[in-house]
Every structure is written in C-alpha cells, then in structure tokens.
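Here's what Swiss-Prot has on this protein:
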type	residues	note
ACT_SITE	C91	active site, acyl-thioester intermediate
ACT_SITE	H343	active site, proton acceptor
ACT_SITE	C373	active site, proton acceptor
Amino acid sequence: MEQVVIVDAIRTPMGRSKGGAFRNVRAEDLSAHLMRSLLARNPALEAAALDDIYWGCVQQTLEQGFNIARNAALLAEVPHSVPAVTVNRLCGSSMQALHDAARMIMTGDAQACLVGGVEHMGHVPMSHGVDFHPGLSRNVAKAAGMMGLTAEMLARMHGISREMQDAFAARSHARAWAATQSGAFKNEIIPTGGHDADGVLKQFNYDEVIRPETTVEALATLRPAFDPVSGTVTAGTSSALSDGAAAMLVMSESRARDLGLKPRACVRSMAVVGCDPSIMGYGPVPASKLALKKAGLSASDIGVFEMNEAFAAQILPCIKDLGLMEQIDEKINLNGGAIALGHPLGCSGARISTTLLNLMEHKDVQFGLATMCIGLGQGIATVFERV
C-alpha cells in the first residue's frame, strides 16, 4: 500500500465574517487563490498531473453551491481534465477531503491530489436554509441541533466552570497573537487580497479575527449566549465567525520522490466516529482514541495536538478525557485555536492540519494529531508523522 505524504500546506488569513477583509471576496476566489498558490509553490508538479481535487464546504448553496470545488478549479485555470468534488462532513469536511484523497492514494487509484476547504460565513451563514426533519425529534433532542446548547451540556457533565472557559478563551487569543507577532504563521498564510475598513484593496497576511486585548476579566462580563438563565457559554468562549480557506498538496511518497519534492509528513492513521448528537463536541475523544489505536500509538506519543476549539466548554472535556489536562501548555493548540482564529466550517480541518504540520516542525516532534468535533454527533482525527 502506498504511503501518503503531505508535500505542502497553506491557508488564507482568517477574515472577520461581519464587515471583514473578505466581505467583497467570494468563496470560490479564496479557494482558487490557494489552488494556484500550491501549484506555483511546487512547480515540479504539473497541474495536469493532478488526479483529483477534494474540497470541503458545509453550506453548499449560493456562491458555495453547485460543486464549489470544480468552480474554484476552473477559476484557478486548472486543466479541464482534472476532476474536482466537494465534500461535506460538516465541521470535518476538509479533513474528510484529506481522508478521501489519502485512501485513493493508498489504493493506487491516485498519485497526486489537491485537498482543502472553504467557508465564507459572512456570505453564506451557517443556518442559511437549514430545515431539520420534524421526525428527528423522536430520536434526537431538538437542542442537539443547537451547537451552543450541546456545549452547555458537556460543561455540566464534566464540571467545566465558567472561569475555566474564560481562562481557556483568553489563552487562545494570547497564543494566536503571540504566534502572529513572532511570525509563526508566516509559513502557512498566503497573502490574500481583500478590503480594509475604508474599502481600499490590499493584501492581508494576518488573521484579523484575533483580539489581542482579550482578558479573563473582560470575558467574565459577557452574558451567556445560549442559556440565559443558567448557562456558562458566551460569545467570547465560542469559536469566532470567520471567512477563510486552507489547502494541502497530497501525494504518494513514490510520486513525490520522482518529482524531487520533499514530503513534510505522512498520514499515519485516520479515524471517524459517531457519538450522541446532544454532546456532539465530545467526538474528538473516541475519534482520537481510534486513530491512535490504528497507528499503534498512545496519547503520550503525540508531541503536539491541534484540537478544533468549537467552544471552550467543548474542548476542555475532550482534553480531560484524553488525559491531557496537565499538558495543555506543552501540547495543545500552541498557536491558539478557533476561539481566536474562527471556525470557517469547511476550512477548519485543513486549517488545523496545516498549523499542526508547522508546529511539528518548529517543535521538532515526530507525531502530531489533529481532531475536531462535528455537528450532530461525529468526531474526526488524523495522526501525522514527520518523514
């Protein structure tokens, strides 16, 4: 079976969804920009030699509809002979895109693929057009479709206090801002055209979602966002609304070697699981455990983790049940996470994987694990190994 390697991984800056840098930039353009950039950064691979493009996106309507993967590829002037498909596993969509491409390569059905994902939550809101079947209430609590209430449930079940959530959220912003100031994101962010507050077109090379002024004291003043009577989850401890895209060049090790391209890491294992929709945010725990089992590893073998921060109330129970509470500052989301950077749904799986690869190199560790919860009760995880 072919070994799957990651040759390159990039992303756009994360733009604010409300009046942010990409308010006049379409999701297809963000995607096409990264497709062009990956090919330009790796000229040894001819675009026509791509076997497929797998692109994650959740709200596949309006500008993100009608197979945005193909639309973006055409905009990027990828040869017409290269196919493209849009993948939807809600929050895990672009990580699922990676898994789909990896399996194609493992089985010999492909040698080189572009994978990634996008979500423009300013143009296509998360709830746009959502119409749950009324019969679902026979099997699933209605609140299971309200992500904030599932986070509240996890907080109650695991004893996660408001103070713990506020502290974790402040940490996310502080870490992300420190990474920005130190240039830690420089290798992953591709400058992307957008508009400043005055409407002037400019190139953005930083995440505008981060709030460096965030403090625990300021967060403590916010009201609960989902359960106004007894809730603990606030807007400040929830993932920010942002627009962005991320992309990876995935190949067989043999093809990369033949082209003289140096792999950054290989895909050691992959896992997807289901869980109770009412605690959808717990999905990373069984997903990570299964991925580790497939890799023949334990959590202690992993040098760095990227765990998507849907909510502080959600990620903290996952960290706790993976036995990592004492290692947060050494291993978990060292450059901040979605609370600071935002969670553009279809983008985030590739985004956290891209950040993870850079952290693995910076920390000089062998193994890294990226994982995320998925709305309506799923979890997805990938173990990477440097090569």
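Keep in mind that glycine also has a Cβ here, set from the backbone N, Cα and C atoms.
Summarising the environment of H343 (active site, proton acceptor), the number of other Cβ atoms within 10 Å of its Cβ, over all protein chains shown, is 28. Classification of H343 (active site, proton acceptor) by DSSP places it in coil, neither helical nor stranded.
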